[in-house]
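**Q** Below you will find the structure I want to go over with you.
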């Protein structure tokens, strides 16, 4: 087999040499360098003198020659290579040997390759110009969508933009089959994007689609999901009506969402009411059109002794559903309202110190914010708690002011109250109610306390009521954990929620993202640095309830990183042993809170009407059995060890990298093969040459833009004669297909017609323009 050389028609010249070794075998006439056209014969000759017998052998590039026809008649040796090819070029060596020794002679052979121009014969041979390879980035998609929603019956356009080296071809795959253009759907493609158009999308068009693209150098694929959406179905159940003991004319409605949301998330519900009675018209009126959950508290508009029924409708981005079934008729009772507790808003006192009004007693605790001391009022003797902030920096003082101002919105029996505030540099203090009962979980493990599931229900109800009031003010706590649930006294079961240092008032126009919280209790959206909502608190309530009933944390890992990973993946389960004696209603309550999707978590209003909270637990002895405290004690011991003086663990955001599209599927491989064929095409000029006028002595540039696959090769002609590159003539052929003839120092003699001729195995094309050089 012949050696293949890397260049076809350019070879470094090797001067003939004679290597004489011991003995007398002189080469009277050594080999000479030669060149030949591809397809012609090559003949190498040399004359040898010396005593016989003489053996002669030939080498090509150092390897024995097994081609050609070697001849030796005793004095003259020849090697004849018939119809030579480019790979026959190289260094040839003739070696002669007899008993006296051996000698050799070498010569270089150059084979000129044929021109690649089809049906073109030039008087001067030229080398076609090839497209440059600039190392540009491979074909890739530009922010492609992963999910697209299309309304039922309205034209859908699935568009993916990409960046590549033209030409670029594409195809779409659906259900493992390539999409074929038709009247129902078709593909619109360019070198920058590919769009699948569905004329009238229906439910059958929902699903996963893959677009496969290919350019001259590489390929790429991207998959997306299409959801064809419509109005949701009506809610699956009629509203359940629950009367509230806090007010005679207030009630809570709760219902089940629709079985099918129309393919798009339910955005809310319309709640309607109708009053029954002989004097009533019987028509339905709207209570609200903006209920965001599957429960609604009716606070006004209902009259004593009035009889009412209710129904709801669901809506999404497409429209409003048909109404649900009507609720059973309910009659409002005539009861006297309880006189509410009076609350007062606090104004920050900037003229006094806290010591002007209070005595400072023992320290109650230390946290990231500062310290808490026990206080007594100098005049009344009332025992309070003072939160002394670190106020050296403006940022710290601003955070303290924010918490104090926020407390004026939190007037509720289940929320600790702010009684006063002082801001006189360098001191900043908030005076609060003193809660004497200690942390709830510490209370539970006390030997004198009986821990049962019904008792846990009472605690969770109070927590939900307190957080529910915050949520009505559109305020989110963001740091719910056992340490922030405290007992009012040492004997009763009343609790209060404390520590609003991380609380924030939500602004519907500005999504809130936070990077703080306690790992075991924080929601997945916090770790993912996604916008938080009222549902973020509901996750924390679910974790507290889980621990309250089992004594174990659902997301406790061996390290903080492991804990964060478990929370991010919402990986939890009911420990069989710990929940063996817990009711199914309790498990359902927890499950409805620990949902990774915030919109799927129940709200406070829904939690209060959940069967575990709203319906008394039966007298079955299994439900009132004392729960084990041992796991709770171990949990508290771990928490104390972990704290080691820290009140709050800062969260580090976890990098949630989306997975790239995996390896090509078989159908994508087939699509690529078809795209390879589709990509092929003869040369085409997307931008042709235009006539140019240049001044004498200037540089003239004639440019055109070329496409085609395989990459066309280019020859420039002046008139009918091909141009060769020189110090004055340069040919540029860029990666993007821009082809330019550059003529330096032009003169009148350069005025002529210039042609760019492009050729590949799919065809050829050319364009021409005139150059006029003015003197």
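Glycine is no exception: its Cβ is also placed from the backbone N, Cα and C atoms.
Residues or ranges marked as domain 'Ig-like' in TrEMBL: 16-110, 128-227, 683-772. Residues annotated as domain 'Fibronectin type-III' in TrEMBL: 235-335. The domain 'Protein kinase' annotation in TrEMBL covers 358-613. Under the heading ATP binding site, TrEMBL lists 387.
Help me picture where these features are in the structure shown.
**A** Summarised by DSSP class, the composition of the domain 'Ig-like' (16-110) is 3 helix, 55 strand, 37 coil.
For the domain 'Ig-like' (128-227), residue counts in helix, strand and coil come to 3 helix, 52 strand, 45 coil, using DSSP.
The DSSP breakdown of the domain 'Fibronectin type-III' (235-335), given as helix, strand and coil counts, is 0 helix, 42 strand, 59 coil.
In sequence order, 369, 370, 371, 372, 429, 430, 431, 432 make up the list of same-chain residues 6 or more apart from residue 387 (ATP binding site) whose Cβ falls under 8 Å from its Cβ.
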**Q** Where does residue 387 (ATP binding site) sit in the DSSP three-state scheme?
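**A** DSSP call for residue 387 (ATP binding site): strand.
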**Q** Would you kindly check 16-110, 128-227, 235-335, 683-772 and say which stretch has the most C-beta pairs under 8 angstroms to the domain 'Protein kinase' (358-613)?
**A** 235-335
**Q** Check the domain 'Fibronectin type-III' (235-335) against each of 16-110, 128-227, 683-772 and return whichever range has the most CB pairs under 8 Å.
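**A** Comparing 16-110, 128-227, 683-772 against the domain 'Fibronectin type-III' (235-335), the winner is 128-227.
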**Q** Is the domain 'Ig-like' (16-110) in contact with the domain 'Ig-like' (128-227), using three or more Cβ pairs under 8 angstroms as the rule and ignoring pairs under 6 apart in sequence?
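**A** Touching, no - the domain 'Ig-like' (128-227) and the domain 'Ig-like' (16-110) miss the threshold of 3 or more Cβ pairs under 8 Å.
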**Q** Average pLDDT across the domain 'Fibronectin type-III' (235-335)?
**A** 82
